[in-house]
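Below is one structure, written out as structure tokens; comments come after it.
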């Protein structure tokens, strides 16, 4: 035990009895299975309220059992394996996507050390000297399942969805890792429990505001959620990488997506919102950060981030692919590099005995955060219409005479196609159409005496 008996000593990990370790793992598994069910229901309800609808209201009291009914329906559906797929990889891909999402939660601290049946143990399955890097690596493995699902489906749309997901993860994990680096530099550790202990008095959301904004943006892109859901864009790729999946395989992809949402939300809580520390003014109460109360504060913070996911999906349209890539490579990564250099400089001055850390970081953070907001607004503001491009005349087109242009048959393929540069349409003869008597259907009688 360290720091007045509240924060767990790293030596405590690995010495729990087997039944206690099994109980912790089972509790985390139940938490990660139940939270997506509640998140899906809350998402449908909140989006319905934002769109002035009712939402699920049939299954159970006020529709509270709708997620359970959907899960049972998916489990009872027939699993259809399309013809021409790579069957072993096709079956394993959902498992590869779902398992790392569960593994990443092993190092997330739910609370301080407590007594369970006489054994003093931290409310955390385990901890590592590089725990945050472990989470980053585990969440990165999930994209292999998405890519393999797209490749093994034997279809164009799933393959394009898998390739998009790969580019998305590569682009945004760089910015995410740089936001982690700022936290490591200030906390002096990569251990999740150590980072929580470093935020006992001041949360990093205030000291490292640019890192927080960059991480929140990156975590939405990392989980393929709207407005960054390009790998499964319905209007472009039908269903994306899981177009050819049904039944439990499709359910595992959905479970992996929502478990990843919970994981990145828990990591944001751990790194920037003080972890399981009580928010102000509840922190003024002496017992707020001891016992089982911190589990409640941690869960409420995670649900706050989950609400942000739902809010973004209900309010923002999907970005174009070029906008999305430009946001990652032209805005987030350069600003992350500059911010990490600022944090490293402040840390170096602190090591030399200059204790102006809080003031310097807050001032620099506000400036960088303002720059981030302005750049995001300029790039993503509504009504931004790109300037029309002027048509470029092919080289030599103006000098070509009609005699030198290549003859072109627009009906060669059975349907009309436009000519390419350097080709000309043949002259068509117009068939004259006679309109004489077009409205006459028979002889007319004029001045008839009958």
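The backbone N, Cα and C atoms fix where each Cβ goes, glycine too.
As stated in Swiss-Prot, the feature transmembrane segment covers range 358-378 out of the listed 232-252, 358-378, 379-399. When Swiss-Prot is compared with the stretches 52-72, 262-282, the one noted as transmembrane segment is 262-282. Of the candidate ranges 128-148, 169-189, 201-221, 262-282, 324-344, 262-282 contributes the most Cβ pairs within a distance under 8 Å of the transmembrane segment (292-312). Scored by C-beta pairs under 8 angstroms, the transmembrane segment (91-111) has its highest count with 128-148, from the stretches 128-148, 169-189, 201-221, 262-282, 324-344.
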